[in-house]
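*Asks:* One structure, pasted below without further comment.
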Amino acid sequence: MSESLDASAPNADATVAQVIDTIAETTSDVRTAIFTERGHSDSVNPTGDEQLAADLRADEIFEQRLLAIDGVASYASEEREDVTTATGRLHVAVDPLDGSSNLEPNSGMGTIFAVYTERPPTSGRNLVAAGFVIYGPVTSMLVARDDRVREYLLEDGEKRLVDNEVTVPEDPTVFGFGGGVDSWTDEFEPVAEEIREELKLRYGGAMVADINQVLTYGGVFAYPALESRPEGKLRLQFEGHPMAYIVESAGGSSSNGDGSLLSAEPDGLHERTPLYLGNDELIDRIESAVER
Ligand code: AHM
Ligand code: MG
């Protein structure tokens, strides 16, 4: 499922490795930003969410560190309108601080990253690697590359491998659905209700942590199309594609309600999408119910 790298790009593999190691190293600075930048900013991001000082700081840190890598041709972020370009072959898209509304209640947050062979906005089929970091009780990192997902614990920027092949467990246990029951559509509500009766609720307000529940215990995470917002809340390029790449690489499925999220091509960099991620059987059931 991952695209093979262009033979004319001999440094691409090395660049991917450098991106992953750089993100691992940068997490210490992001942890510091979470500790020191506790306030609001007076700006909103391109999708209209209020930006916290920590969102802006994390974005600056990743832009600076990732564009310093020779092979990185551009940096795109959920927190900035335009793609910043440099020279190189690979393109990195980042959600610098996912779940930042959890900053105040001191709950889980993370960083999501995606490495593309084309400059965003682009299809998920152009991904060559994706991953996320969780700033939880410990800092952990999941990396999907070459059809395999690996999990690391991070200490002082160093990666320690703890799982060489993360797979979605066969028997699903947990579900987490965003958006609020009152705002669900007539198509989603009945299948959501069925699943609610079968599985145990795990929803924390940061998809990095909620997707990691699914990877750990099996189940489903969804931020569906809403009555008031048919396009959903989460962003295809920064959240949908990388999470779909990770979950599919771990043997699960993804959908936007109309097929794999990886096949979805955004018209704009900050386009939103409904998203459904988890065990195949659950995603099939949801997709049949909500099909657009
Ligand atoms: P962010 O990237 O701006 O922090 O927002 C994304 C987060 C996701 O991690 C999470 O699943 C969702 O927003 C939670 O939204 P809600 O507060 O509506 O439950
Ligand atoms: Mg996010």
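Using N, Cα and C of the backbone, Cβ positions are placed for all residues, glycine too.
Pasting the feature list from TrEMBL:
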type    : residues                                     : note
DOMAIN  : 27-155                                       : domain 'Fructose-1-6-bisphosphatase class I N-terminal'
BINDING : Glu78, Asp95, Leu97                          : Mg(2+) 1 binding site
BINDING : Asp95, Asp98, Glu239                         : Mg(2+) 2 binding site
BINDING : Asp98, Gly99, Ser100, Ser101, Tyr203, Lys233 : substrate binding site
DOMAIN  : 168-290                                      : domain 'Fructose-1-6-bisphosphatase class 1 C-terminal'
*Asks:* On the three-state reduction of DSSP, what should I expect for Glu78 (Mg(2+) 1 binding site)?
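*Replies:* In three-state terms, Glu78 (Mg(2+) 1 binding site) counts as coil.
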*Asks:* List, in sequence order, the same-chain residues at least six positions removed whose CB sits under 8 Å from that of Leu97 (Mg(2+) 1 binding site)?
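*Replies:* In sequence order, the residues whose Cβ lies under 8 Å from that of Leu97 (Mg(2+) 1 binding site) (at least 6 apart) are Val30, Ile34, Leu52, Ala54, Asp55, Ala58, Asp59, Leu103, Met109, Gly110, Thr111.
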*Asks:* Output: those binding-site residues from Asp95, Leu97, Asp98, Ser101, Tyr203, Glu239 whose CB lies less than 6 Å from an atom of ligand 2, in sequence order; none if no residue fits.
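*Replies:* Asp95, Asp98, Glu239, by Cβ distance under 6 Å.
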*Asks:* Roughly how many Å lie between the Cα atoms of Asp98 (Mg(2+) 2 binding site) and Lys233 (substrate binding site), rounded to a whole value?
*Replies:* 13
*Asks:* May I have the DSSP-based helix, strand and coil counts for the residues of the domain 'Fructose-1-6-bisphosphatase class 1 C-terminal' (168-290)?
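*Replies:* Summed over the domain 'Fructose-1-6-bisphosphatase class 1 C-terminal' (168-290), the classes give 53 helix, 22 strand, 48 coil.
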*Asks:* By Cβ count within 10 Å, point out the most packed of the binding-site residues listed: Asp98, Gly99, Ser101, Tyr203.
*Replies:* Asp98
